[in-house]
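Here TrEMBL flags B:4-120 as domain 'Response regulatory'. The 4-aspartylphosphate annotation in TrEMBL covers B:ASP53.
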Amino acid sequence: MAQQSLAGSRIRERRVMAGMRQAELARRVGISGSYLNLIEHNRRRIGGKLMVDIANALEVEPSLLSEGAEAALLSALREAAAVATQAMPEIERADEFAGRFPGWASLIAQLHSRQRSLEHTVATLTDRLTHDPHLATSMHEMLSIITAIRSMAGILADTKEIEPEWRNRFHRNLNEESLRLADGAQKLVAYLDAAGEGDTGMVLPIEEVEALVAAHGFQFDHLAEMSAAQLRDFIAAQSLLTTEDARAMAFVVLDRLRQDARLLPFDTVQRHLTDGPVDPVALANACAAPFGAVLRRLATLSDVLLPRPLGLVMCDGAGSMMLRKSVDGFGIPRFAGADPTWPLFQALSRPTQPLHQTITVTERGALHFECYAVAEVVGEVQINVTPLYHSFMLIVPQD
Amino acid sequence: MGRSVLVIEDEPNIIEAISFILSRDGWSVATHSNGHDAFGVVQDTMPDLVILDVMLPGKTGYDILREIRGAEGTQALPVLMLTAKGQVKDREIAERAGASRFMTKPFSNAEVLDAVRELVAG
């Protein structure tokens, strides 16, 4: 139903809100009650002077009656309806709803906005809690101490005959571990107290690296001809990187990106992206380039070559995210919520094997993404030593 | 020589407790606490089962597990993974890497003992 055709619903709503009887409003604007009734049920179109008179009588702006709810409100309502899991809102009647019940519609839109904001906050905090290296180390250490205490206490409680030497040993160990636990708990509380006073201490190396690559728009071709020492100088000069961990992680990421730039020049990638659909397999075969380099190069150059850039995500052998280049509609949590069936993770168990999977995201309607992944060796080749791997996934949004 | 277990874990008191429990149950227990050369120790000792912590100095338990699964002689070796992380994703990673069983800290002695017996009985 068109916006204008719902003017009657909005008049009715405003009249009711004003506590005015239909006959009273009709009298004030000089029309019959039955005619106003037809207008209020959207069976007569109105405009011009009558609309202005009714707006004046209701003490509202005429545009509020004629134009109805803002597009943003309708958009918010449709978005809220799209993510509803149990209720079945009549999406096709959103504009009618907004017109007839603007207050309720605004409330739903506000609640939906608030929900999304809180979800984002929760995701961010979860990410931080999970990836704060200090917190992770502290929790791991405390769980290990608790495990040792539980195990030793269990031995002392359940073993009927235990040699005095062993019993004394476990008692001594229990005492030591309980002291460690107390000390660890105190330090953890102090750390959390300090973290709550400001967020500067909670910035993680990966966040700094992501901020750096985002600030450069993922474009690092100018680094291609640099030596490793020059690259380190470049990284040392970046004010966004405040810790050694962040600088070390940035070196790993940028070193890889500049090597990619050497393997796959800008013009080559540009020809591929302008010739047809994104096809990393074809590009890899045409250029005899490593599949991982192709994925990274397509993702980074898509920002300057495609109207809708491609996404990229990188993780280490334990599945921890190391770099995220997001794409609309495809959430890439740093940790919690990542889907273990993504080819990004599957690639870790099939190193060097390119994988492809179509992923459908249903959070806001069905969005389809072609995802390509591969796990590559990290570091130098060593005889009889199984290498470590990093995995990369290119995310190509489909129309 | 009885059945043997290799415990790869960097917490000395966990090593000692697990060693005590398994020894009392008749197992021959060897221990190692560094990730870097752990796979070499597995190959040298060739135990009936490996208890493997995820967080180790030098190399992660996942990487060691991949080495175990990638080598012909140790491909089918039962491996019980220990970790402080119990999320679904961690289990998935452990399973994909080839873990025979995944146990989250803090676990009970009985759980460890039952898992070891079941995995070796097979």
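The backbone N, Cα and C atoms fix where each Cβ goes, and this holds for glycine too.
Summarised as a single figure, the pLDDT of the domain 'Response regulatory' (B:4-120) averages 90. The residue listed as '4-aspartylphosphate' falls within a strand when secondary structure is assigned with DSSP. When other Cβ atoms within 10 Å of the Cβ of B:ASP53 (4-aspartylphosphate) are tallied across all protein chains shown, the result is 24.
In the domain 'Response regulatory' (B:4-120), helix, strand and coil residues by DSSP number 56 helix, 24 strand, 37 coil.
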